[in-house]
Structure formats: structure tokens, C-alpha cells
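Features reported for this protein in TrEMBL:
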DOMAIN    A:15-50  domain 'PAC1-like LisH-like dimerisation'
REPEAT    A:112-153  repeat 'WD'
REPEAT    A:154-195  repeat 'WD'
REPEAT    A:196-237  repeat 'WD'
REPEAT    A:271-297  repeat 'WD'
REPEAT    A:298-339  repeat 'WD'
REPEAT    A:340-374  repeat 'WD'
Amino acid sequence: MVINHKIQVTMVLSQRQREELNRAIADYLSTNGYCNALTEFQKEADMPGDIDKKYAGLLEKKWTSVIRLQKKVMDLEAKLSEAEKEFHTGGPARDRRSPAEWIPRPPERYALSGHRSPVTRVIFHPVFSIMVSASEDATIKLWDFETGDYERTLKGHTDSVQDIAFDHTGKYLASCSADMSIKLWDFQAYDCVKTLHGHDHNVSSVTFVPSGDFVVSSSRDKTIKMWEVATGYCVKTYTGHREWVRMVRVYHDGSLLASCSNDQNKKGARSGPFLLSGSRDKNIKMWDVSVGLCLFSLIGHDNWIRGLVFHPGGKYVLSASDDKTLRIWDIKNKRNQKTLDAHQHFVTSIDMHRSAPYVITGSVDQTVKVWECR
Amino acid sequence: MHAVPVPVEDVVGDGRWMSQHQRFLIQAKGREPEVVFIGDSIIQLMRFSSHYKSFLEPMHCLNFGIGSDQTQHVLWRIINGELDCVQPKVIVLEVGTNNHDHSADQVVGGIMEIVRVTQDKQPSAQLIVMGIPPRGEKPNPVREKIATINKDLLKKLSGTPNVTFINIEPSMFINEDGLISHKDMYDYLHMTDDGYKKFCEPLQEEIQNLSQNFIKVENISQDMQSINEVLASDTP
């Protein structure tokens, strides 16, 4: 999820803006007694001698406007959040919308506390009405997302749990941690059945291949490893990234691995379909992996992107960000359809159920929230 | 000694200073902050202010302030690892108000040594040095010493590459009668939430300028044109 795109920042002023800026500079020079500079400036910028009163103090005002705008935006967002809490039907009536258009609505159905540190990842169980959260408090917690009940805690890791994943049957959960290990948990007995050692640093991502026979992990040690579930052995190590490999995911037909890294590269193993990535540059990008091209960008978040998920209906992308919001993006029109103020702090993770109308988010505020879609 | 690194002696016997230092080392190893704050209680308590939570926390910070620290203590902490594993864009330093046994010159010397060591450890980070805020309800000799320190730092640091000195305008906290209000500093030394609002504004602006990251003001990597449009049409 963490890729930094290098983009040139160029400030482009229109002719009108340039003239206005010159006049504001002239007023500033005049007001502050820089007479010689003013005369020369007016000559070189080819400006009339007298300065329109409307530019009085304009440069200083514009100079401080960023701070003023930020404060205003903060206030407005707080007011909007309050207003939305009182009026939570929002949008056309439920029966007039198809399930493919059901999106999460505030306020949250449940806000679940229990973790004693930031929540790093939240995922749905593929079969049961269970969701699982991982946290920097080194535990994994299970919750019923329909009732909001806490079910149990899986203990065993000795440092922050960074990522969790189910195999497609939901019989096994894989977890990886800053303690450099990967654990496999039996989801019937809720036991840790294997601990995989081999990475030399924080393991930040883990996922099953579609067959469930292998797990793939990525680490701050710059490698990706493939592990055989039956034996617990590491059968392959992929090198190639020059920095921490933040995340790795497997394509649904098993043919392709996607990984992203602090070295700002993404790699696809072979030609294939589409990949969605989110980055610390605040952008979400859609890529055609076969040609390695960015098809479009989704812009709007104010901070690092931390989680992405496709809406099962295929029309939307949902994202979670350090700007404390959950956003819904219309893929066809490439725009931010809706923004929810989701948490009190960075939102670190988001998942959407493949068939039931629920979205879950996890946050540095140590809570897990369940959102109903309608 | 103001410029010789020294840890705080555990006179009381509860080891709190070392516990905080150890916690900072763990945080420095595990996290990826873009802004690191380091200094005394003025830095430490900043993280509980609403301004910090709204404007500074979103920038991905770590706060390594410890109350009562003097220049030689902050120096020791930097030399002993607190800036080792991180790669911040900006480092914010504020220290000196607790160096009661040292002259203004010595405090300046201590701060300059911290600047030197910090730039050595983090040559590509932008360093913001904050002036020391005034203290005491009424005019007093400590305020004069602080004013001398700030004036000297301004002279010594202007022109230093990668260092920005943010001076404290006396009028920020001192009114026309020469008094500091308890509404800004509840004990005439430590700031209230209102006090921090005033103190943090120039700091926040500078941090954003240096890291080229303006929160809540449209995604900066693209779309700067629409921002210019908005700002240019903002009526005064």
C-alpha cells in the first residue's frame, strides 16, 4: 500500500494571476518604504505608477491564507460531522438502490474497543460472521460483526502484529509480526499450529496463495518469501526490492505476485490485469500491469493512504487514510463520491464483506468500527 | 556543563528519565516519522494540546520532549541514539529554559552544540530551532536572560543552511503591562491549550513550508493550479 510516486510540482500562474501578484508586490514595497526597489520593479514589470487601493495589504493576506484556509476547513469538517450524525438516512431510499450501489453510511454500527494499541489490520472471515483485528499490542482479536460482540483473543506474537490473512476456506489464519515471525492459526481450535522463522526484520505483509498450500510474506529485510503451509519451510526467497517491502498480494488465479516497497517500485511477476495502489503521496492509482502504465489517479485524501478495497459490486473503490477518513470512489467517473469521518486518528485498515453489506475499519485510535452499507 | 553531554542523574530512584529515553529509542527504531520534536517540557507537553492533535499529529510525528531537561541532557539523548534510526524531513528543537546554573552565553553554546550534532546525525533534515518563551508573571531577570539568548541565537543561526530559527515575539505572551496571563501559561512557565495555539502557529507554518506538505489544502502533488485559483480569488 505504500508507494511514493515522484511527481514534479510546478506552480503555474495565469496571466491574470501574475498581474495581480505584481500589483500586490508593488503595494508591499510601497507600504514598507522600499522606494528604490518599487521604482525599479514597476519599470521592469512594466506597471502603471499608481497602485490601486484594492491591493493594500493583499500580499500579506495571501501569504497567511494557507493557515486561515486550513483552520476554516477543520471547522467546517467538524460542523459537517455533527450535522451528519443527526441526519443519517442520507441518499435515496434503500430499496431504490441496487446492492452494487450500497455504500457505508455514518454513523458506524459499532465502535469496538479492547485493543490497547493502534489497530493495524482488519479482515472479514470468508464464511462466518466474524471479523478479525490485528494490533500493535501483539494480539489478534475476533469479533462478531453482526452483534458487535467480542469473541476471543489470540495471543502468541511478542511484538506488533502487522498483517493477517485467511485462506479461502477460512480454516486457517496467517499472521505476521514485528517479532519477525509468521504464525499459522487453526480457526477451529483457535491454536497457533505453526510459527515460521526466517525473516531478519519486521514482517509487514502476509497472504495465502489461492490454493492455500503456500503463504507469501514480505518484510523490512527487503525480501519476499514463500512458505509451504504443510511443513512450515521457506521454499523460495525473492530479492529485488532495494528497501522495505511493505506489502505483497497474490492474483486470484495464482499466476501473479504484486509487491510494493519503500524503494518506490512496484513489481508484477508477469503480464496480467489491473492493480490498485495507494501511497504516502496521498494518491490512489490504477495500473494496467501488462503494460506497466498508470491508467488514472484518484485524488482527494489529505494524507497517507493506508488501505484499499474493491466494492464487490465493481463500481466503487473504498479507501482508508491517515486523514482519518474512509472514502468511496466512483471508478467510472474517477471521483470521490463520499467521505466519512471514520475515526479520531489515522485509519490504518479497511475491508469490505464480499456478500454482506458491511465495511470494517481499524485505527490508531485503538478501535475497530463496523459500518452498514445501504 | 552546558555543552558536554550528560544524562540526568536518577536522584529520586524511580528511573523515569531513562525509561523515557529507552521508550524513545524503541519508537525511533520502529516508526517512520516525518517530523521529530525534541527538547524540554515545552516540547513534551505540546503533544497534549488540541493544536498539536489537529495540525501536527497528521504530519506523522514523534515527540521526544522530557520535562526539566537542560541543553546537556538533550545533547546526551541525541548522541545516544534518539535520532539514529529515523529519517525525518524536519526536526524541531526547543531547550534552554531549565539551564539555571548557566549564563546566557553558555546556554547559547549548548544549543549551538546540539545544532551541530543534530546536523551531523541528520544532514538532510531541516532543523527548526525555537526561541525560548518568556516566563514569570512579571518582568524578571530570567526573562532578560532568555531575551539575550534568543537575540544571540537569531544572530548565530541566520544564514546557517538547513536551520530555521523561530523567534518568539515578546507580544505573543507579554501584554502592554509587562504581564503574562495565566490563561496562556497556567503557572507562568507551562502553556495552556490557548498558549500552545499561539506558540504553535508559526511553528506549524514553518514545518509545512519545509516539508512541502500542507494538510487539508488539496492534494499537493497534483492540482496546484486549482489551489492558485482558489487563493487568488479569495477576497481580502
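Cβ coordinates come from backbone N, Cα and C, glycine included.
Using a Cβ-Cβ cut-off under 8 Å and counting only residues 6 or more beyond its ends in the same chain, the repeat 'WD' (A:340-374) has close neighbours at 77, 80-81, 84, 91, 94, 97, 99, 102-106, 108-113, 115-124, 126, 129, 131, 133-135, 141, 143, 145, 148, 303-304, 306-312, 318-322, 324-328. Within its own chain, the repeat 'WD' (A:112-153) has Cβ neighbours under 8 Å at 159-166, 168-170, 173, 175, 177, 179, 185, 187, 190, 345-346, 348-354, 356, 358, 360-370, counting only residues six or more beyond its boundaries. For the repeat 'WD' (A:271-297), the predicted model reports an average pLDDT of 84. Secondary structure counts, DSSP: the repeat 'WD' (A:340-374) has 0 helix, 20 strand, 15 coil. With helix defined as DSSP H, G or I and strand as E or B, the repeat 'WD' (A:298-339) counts 0 helix, 24 strand, 18 coil. Shown for the repeat 'WD' (A:154-195): DSSP residue counts in helix, strand and coil, namely 0 helix, 23 strand, 19 coil. The DSSP breakdown of the domain 'PAC1-like LisH-like dimerisation' (A:15-50) into helical (H, G, I), extended (E, B) and coil residues amounts to 27 helix, 0 strand, 9 coil. Across the repeat 'WD' (A:271-297), DSSP classifies residues as 0 helix, 15 strand, 12 coil.
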